Amino acid sequence: MRLHRNLVFAVIDALHMIFNEGEYADKVIEKVLRYDKRWGARDRGFIAETTYDIVRWKRLYSEIAEVHEPYSKPHLFRLFGVWCVLRGIRIPDWKQLEGTPERRIKGRFDELSKIRKFRESIPDWMDELGEKSLGSELWTKEIAAQNQQAEVILRTNTLKIPKPQLKAFLTKEDIATEFIDGYPEALKLVERKNVFVTEAFKDGLFEVQDASSQLVAPFLEVEPGQRVIDACAGAGGKTLHLASQMQNKGQLIALDIYESKLKKLKKRARRNGVHNVETRAIDSTKVIKKLHNSADRVLLDAPCSGLGVIKRNPDSKWKLEPEFVDRIMGVQQDILQNYSKMVKKGGQMVYATCSILPQENSDQVKNFLDSENGKDFEFVRERNVFASETGFDGFYMALLKKKS
Ligand SMILES: C[S@@+](CC[C@H](N)C(=O)[O-])C[C@H]1O[C@@H](n2cnc3c(N)ncnc32)[C@H](O)[C@@H]1O
C-alpha cells in the first residue's frame, strides 16, 4: 500500500480532535472527510478506517510507542508508525516518520500481547469489571470479538419491499449483499460502501441496523392494530422496525427525553413510509401517567453502558467511566419501575440493552420482578446475545407479561 501524505495528515488531525479535544470519532471523521472534495471512495475509506483502527488500539499502540496524553503531533505520528509496522505497511521516508523503530515495535507488541488489557487495548477498570461480571473465559472471548471491525448490516423495510427485491435493487446500484441465516430482514454488505448515497436508501427501502438490534422488535411480539409504546425511542431504529412489524396498522407512540432525537425519528419515519407513529417528549411525569394501563406492548430499549457495541463505537473505551455505569444502572431500574405501569393487563413488555453486563440486564429484571411494581408481571424469556457467539453486537432482551 502506498501512503498519501494528505490522507495521513487528515488521520493525524482526526486523532488530535478525538484524543486531545474529546470529540466523538464519528463526528470528527465526517468533518475531516469534508477537507477535500476530490477524495474518492478509497481515500475516504482509508481515512475513516485508519482513524478508527488507531482509536480502537489506542492503549496498545501508546504503550508500544511510549507516548501518552495529551498527544503532541510527533506522538500521533509515532502511533501512526506503529499502525504501519503492525499492518506490514512500508514506512515512507517522510521526516515525521524518520527513525521508526520497526524491530522494537514488533518486539514490544509480542511482549504486551501476553497481557489482556494491553492486547485488547482497554482501560484497567473495564478489564476488571468485565472479568468480574462475566468470568475470565467469556470476557476474554467477548472483548476480543468486540475489537473486530463491525460489518455493515441493513434491515429491509418490508413496508416497501421484500428482501430479495431489495437485494436485486442494490445489486443494480453496485452494492453486493448477502442473506444472514436467522435474521429474516437482514442483508450484509459484502464490501464496505457508503449506502446512504443510494437511491434505495433515499426511497426508504432499508435502514442500517446491526443484526442483533434487529432481534429486539420481534421479541416484543407486536401485532397490527395494537397500541405499542417505544418508551426510549431515540432516533427510532427500533420504532421503525416495530412499525413494519405492525404493518403500519394500530398506534405506535415513541417517547424519549430528548425532543431532538424524536425529530430525527419523524424524518426517518417519513422516508420509511411509516404512518402510524406519533412522538411525545417526556418533559414531565404526566406524559407517562396519561398512558398508565393503556398499552398492549411496551418496549424499554434502555440507556446503558454500551459495552455490547464497542466494535461500532471504539472510542467509547476511552469515553466511558465507571461512575457512568453505576449511574445508568439506577436510571434503568427507574425506567423499569415507572414505565412498566403503561402496560395493560395481559400486555407484554421487553426490557433491552446493548450491554453484556448481567448487572444491567438479568439482574435488573430480577430486581424489578422482586419489587412491588414487578409483582404484576411474569417472566417469559430472555436472550443474551454475545459478539463472540454471533459476530454481531452484544445485546440483551427480556420479555415480561403483565398478569390478567
Ligand atoms: C439505547 S438508546 C435507544 C435507541 C433506540 N431505541 C434505537 O433503536 O435507535 C436509549 C434512549 O433512551 C433515552 N433515555 C435516556 N433516559 C431516558 C428516560 N429516563 N426516559 C426515556 N428515555 C430515556 C436516550 O435519550 C436514548 O435515546
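Placed from the backbone N, Cα and C atoms, the Cβ positions cover glycine too.
Unlike curated records, TrEMBL annotations are generated automatically.
Residues or ranges marked as active site, nucleophile in TrEMBL: CYS354. Residue environment of CYS354 (active site, nucleophile) contains 26 other Cβ atoms, counted within 10 Å of its Cβ in all protein chains.
Positions annotated as S-adenosyl-L-methionine binding site by TrEMBL: ASP256, ASP283, ASP301. Within the same chain, the residues at least 6 positions away from ASP301 (S-adenosyl-L-methionine binding site) whose Cβ sits under 8 Å from its Cβ are VAL216, ASP230, ALA231, CYS232, ALA233, GLY234, LYS238, ALA352, THR353, listed in sequence order.
Averaged across the domain 'SAM-dependent MTase RsmB/NOP-type' (142-403), pLDDT in this predicted model comes to 98. According to TrEMBL, the domain 'SAM-dependent MTase RsmB/NOP-type' annotation covers 142-403.
Cα of ASP283 (S-adenosyl-L-methionine binding site) to Cα of CYS354 (active site, nucleophile): a span of 25 Å. ASP256 (S-adenosyl-L-methionine binding site): 23 other CB atoms within 10 A of its CB, across all protein chains.
Recorded residues ASP256 (S-adenosyl-L-methionine binding site) and CYS354 (active site, nucleophile) have their alpha carbons 17 Å apart, per Cα-Cα distance.
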